[in-house]
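Down below is the structure, laid out as structure tokens.
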């Protein structure tokens, strides 16, 4: 396990109205930063256990890949109270895994993996994460009505129902196993043109739309006898730990402003008061740093050019007599 770059003071607060957990650095506005390349990282914080049954669960934090990460995780995990924190690893069972994951150009997604009956279930929809090097706010909302929302920078990126967008339950309906496709049902969309004339040499008749095509046969469906609704998919008991458990090839990611609450508006306001206050200054600072870097590069190039020019100027010139003697010597050697 690699160390985490900054030593933090962890604060935890839980009440009947709000279940709130946030990590703040003492004496300054900082965050957790990974510090060594090609390392596994693990850190967690425990708080008073609670259940989100009957109320929303909101998980929110900020993450910044300022090192232009090429492969590594940026997600958080929520655990129950029985987690062995000293031995936390990728094999430790978690309730929720949420946040960005990047590996090359193919894997650039936001994980939303929910535990149901002791098994992790990944979201069926694909959500693309931010990869621009700036700080971004990630928010997951689970509601008692079995709906959810995923936000990035306080804007809704994806939403829907837990039952539809995860494979928690068997499907409500299945194909009727007793139904059979009619013999005269033609489901071939195109056929060889019977009027096409074969020329000399290799030939295949061109394809035309099948006039008898009826489409894919819709098998009649029946109620699935194995399906039974579960109205508590969203809820977890003894929520008690939040942590980072991830691998990074290129370190430098900064995590901050961790929040767990049941108040969606509070989370939105908290995001505006933290990430929202720093996003514009961060972009201005980035522009300034980019301009300064360009100036430094120009200065280095000008210095190299002057050094090369001065070397040419300082090189002693041969007199006509020396040049003539050198040419005569070469002829004699030849």
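Each residue, glycine too, has its Cβ placed from N, Cα and C.
Note that TrEMBL annotation is computational and uncurated.
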* Asked: Quick one: which of 122-149, 150-177, 178-205 does TrEMBL have down as region 'Disordered'?
  -> 178-205
* To do: Across all the protein chains here, work out how many other Cβ atoms are within 10 Å of the Cβ of residue 103 (disulfide bond).
  => 15
* Structure fact -> Same-chain residues at least 6 apart in sequence with Cβ under 8 Å of the Cβ of residue 71 (disulfide bond), in sequence order, are 102, 103, 104, 248, 249, 250
* Tally of DSSP helical, extended and coil residues in the region 'Disordered' (178-205) -> 0 helix, 3 strand, 25 coil
* **Chain residues in Cβ proximity to the compositional bias 'Basic and acidic residues' (195-205) (below 8 Å; excluding those fewer than six residues from its ends, i.e. six or more beyond)** => none
